[in-house]
């Protein structure tokens, strides 16, 4: 019995160490700059920043009633605030940024929220209502 308990403890400690260990290799991100929105980025790179994040930035500008929209898939040292509206040569540029921290997670463009996020929020609300009803 004592040996079985020690074995279970060793396995538990090993699992915890694996879960808490930092990744040995850096974060992999898609890496493309200023490509037309709608085009796919296929180039990848290992993020050089220890606490870096993968990002996708979509920049949009209207010049003489012509709308230009480009995107960049990058690794950055941190997640910039979004949205941003810098002014370049007297023209306002709208920039939206999404950040993530898993390998190749910056493939898609910024969205209004994922279906899974909305489903999670809905389940949380329903669970809260049910819990209040039971109490």
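Glycine is treated like the rest: Cβ placed from N, Cα and C.
If you check Swiss-Prot, you get these features:
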type	residues	note
SIGNAL	1-26	signal peptide
DOMAIN	27-119	domain 'UPAR/Ly6'
DISULFID	29-54	disulfide bond
DISULFID	32-41	disulfide bond
DISULFID	47-75	disulfide bond
DISULFID	79-99	disulfide bond
DISULFID	100-105	disulfide bond
LIPID	113	GPI-anchor amidated glycine
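Positions of the features from Swiss-Prot, shown on the structure.
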| residue | record | CB count, 10 Å |
| --- | --- | --- |
| 29 | disulfide bond | 28 |
| 32 | disulfide bond | 19 |
| 41 | disulfide bond | 18 |
| 47 | disulfide bond | 21 |
| 54 | disulfide bond | 27 |
| 75 | disulfide bond | 21 |
| 79 | disulfide bond | 15 |
| 99 | disulfide bond | 18 |
| 100 | disulfide bond | 17 |
| 105 | disulfide bond | 18 |
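The subset of disulfide-bonded residues (29, 41, 54, 99, 100, 105) lying with their Cα within 10 Å of the Cα of residue 47 (disulfide bond) consists of 29, 54, given in sequence order. A gap of 8 Å separates the Cα atoms of residue 79 (disulfide bond) and residue 54 (disulfide bond). For the pair residue 29 (disulfide bond) and residue 75 (disulfide bond), the C-alpha distance works out to 6 angstrom. The predicted model assigns the domain 'UPAR/Ly6' (27-119) a mean pLDDT of 86. Of all the disulfide-bonded residues listed here (32, 54, 75), 54 has the Cα closest to the Cα of residue 99 (disulfide bond).
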